[in-house]
Structures are given as C-alpha cells and as structure tokens.
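Just below is one structure, and these are the notes that go with it.
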Amino acid sequence: MSSAQLLTAQQLAARLSEPDLLVLDCRFALEDPSYGARVYQENHIPGAHFADLERDLSAPVRKGVTGRHPLPDPAELALKLQAWGLRQDSQVVLYDDGPGAFAARAWWLLHWLGKRDGVYLLDGGLAAWKAAGLALTNGESSLRPGDFQGQPDASLLIDAATLQAQLGQPGLALLDARAQPRFRGEVEPIDPVAGHIPGAQCAAFTDNLGSDGRFLPPEQLHQRFSALLRGRPVDELVAYCGSGVTACHNLFALSLAGFPLPRLYAGSWSEWITDPRRPVATGD
C-alpha cells in the first residue's frame, strides 16, 4: 500500500476524539515567516499542534553552503515529534492552508524517519475544513509525550555532488516543482540566481491538484508522472524545487499514484546556486 494517504475534512472530524491521533498544523508563508504561528494562535483544528517550517521542519541556514530550508537534524526532529505526542503506532494528519506543500514536507520528513504507516494529508487543507463548516479553536492543545524513535533513511536523498555527476545520463529524470516562469528563469522572486538545473523538466506541484484544491485521483497522477518519466525508471527520478519543500508535494503525489518513492535533492535550487561552478540553464 502507498505510504501517501489522504483524509477528507469530514473523515478527520469524525476521528478527532481518537486517542492515537496526532494533528499537525503546518501553515507557513515564504514571504511572511511569522504567518503560521500567528494564524495558529488565531484558530486551528481542535487538538492540532503547530509545526513551523523554519523552526521545526528545517535546520538553520548556513549562508553560502545550504539552501533556504535545510533538512532538520533527525534526532532533534524526533524529540519534537515525541513532545507533540508521536508514538510508533500514532495516526498522523498534516495540514496547511490548502495547496499542501508544507504539509507534504512534514509527510516526507516522517517518511524519512521511518514513520510510514498511518500518515495522512488533509485533502484540501484548512480551506476544505472551513468550507465544510467545521469547528476551529484558539485553545491550547494538550501535550502527552510520545515514544517515537526515528532513524533517517539516506536512500531517499541525493546530494549536489552526486546529482551533478549524473547530469546528462539518459536515465535521469529530474523534476523541478517550481512554476514555469521560475523554472525558465524569467522571474526569480526569492533566490539570487534564476533558472534551473540542466536537464530538468518543469513539473509544477500545483498540477497535482484539481480546480477544487484537492489532489487529483491516483489514476490521473499516474498518467501525469508517466508522461514526465517518458519511459525512464522511477528509481532514477530526482525531485527538487526551490528549497526542498514543494518537491515533497510531487513526491507525495508520486506515492499516491502508486510509484515507489524516488530521491529528493533536499538542498534544491537555493543550495545548487551557492557554488558558481555548478551549471545553470534557462528557458525550456
């Protein structure tokens, strides 16, 4: 069974009282890093704990070395997950405002640490919860420490040097989750260099969603990624984006479609461009 699973707002509402349920609010805004904590204090799904992208789901940036959202230290992340109440047998539901990129980053981190069963994204995110007229609260969520012990799986990652050595190999499928204008290098609102890694294809993460903001059916996602793979093996696929966040949305969608989980270049574009010797491409 795929490790990527979805819950509807109504399904989550029916399970909120279950004692083994852990809900994490992953809301964030790249242009306003304090946004997530602020809106969590205003209202959130009852019982949810707040997981901040920069404070909890990333390590500190090392200027000129890392990308904008380096992977967190696995031992530190495991301790935070324990503090929120994660146990080995917990059911976990992750949400953000709706597109799911920040929730997908949390999903990938849990998968990386070995928590692969019973982890769900709220399909449509908080927007779907609100649209269903379900309750929100601004109250404190109770803490009951968990016993989760995670071990990172290095096979899920590829580093910059290894990726650079593989550029140009016919089997490599390199998928960039950013939107077309950033991929082509026409605009770059965040990073100091525009463009993409040579040989990459644009696979905008938003194309995993329907017009209602929910994930496309697995069959449609399978067609999408099969077309992008062009017959290449999925174990040669590498996902990246601007900083290792929206790429996780593509990885979740790949898993939802029934593909085995390929590798993530976690440093992504913002790390790639820290070394001017690495090649850069623009256009299609």
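Using N, Cα and C of the backbone, Cβ positions are placed for all residues, glycine too.
According to Swiss-Prot, the active site, cysteine persulfide intermediate annotation covers Cys241. Spatially close to Cys241 (active site, cysteine persulfide intermediate) yet at least six residues away along the chain are Asp176, Ala177, Arg178, Phe205, Ala247, Asn250, Ser268, Trp269, judged by Cβ distances under 8 angstroms.
Positions annotated as substrate binding site by Swiss-Prot, on the basis of similarity to another entry: Arg182. Secondary structure at Arg182 (substrate binding site), as computed by DSSP, is helix.
As annotated by Swiss-Prot, domain 'Rhodanese 1' applies to 17-138, with the evidence given as sequence analysis.
Look at Swiss-Prot and you will find 168-281 tagged as domain 'Rhodanese 2', backed by sequence analysis.
Residues or ranges marked as region 'Substrate specificity' in Swiss-Prot (evidence: similarity to another entry): 241-247. With a cut-off of 8 Å between Cβ atoms, the residues of this chain six or more beyond the region 'Substrate specificity' (241-247) that come close are 53, 67-71, 101-102, 104-105, 175-178, 182, 190-191, 205, 264-271.
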In the chain carrying Arg182 (substrate binding site), residues 6 or more apart in sequence that have Cβ under 8 angstroms from it: Glu188, Pro189, Ala194, Gly242
Counts of helix, strand and coil residues, the domain 'Rhodanese 1' (17-138), according to DSSP: 39 helix, 18 strand, 65 coil
Per-residue pLDDT averaged over the region 'Substrate specificity' (241-247), given as an integer: 99
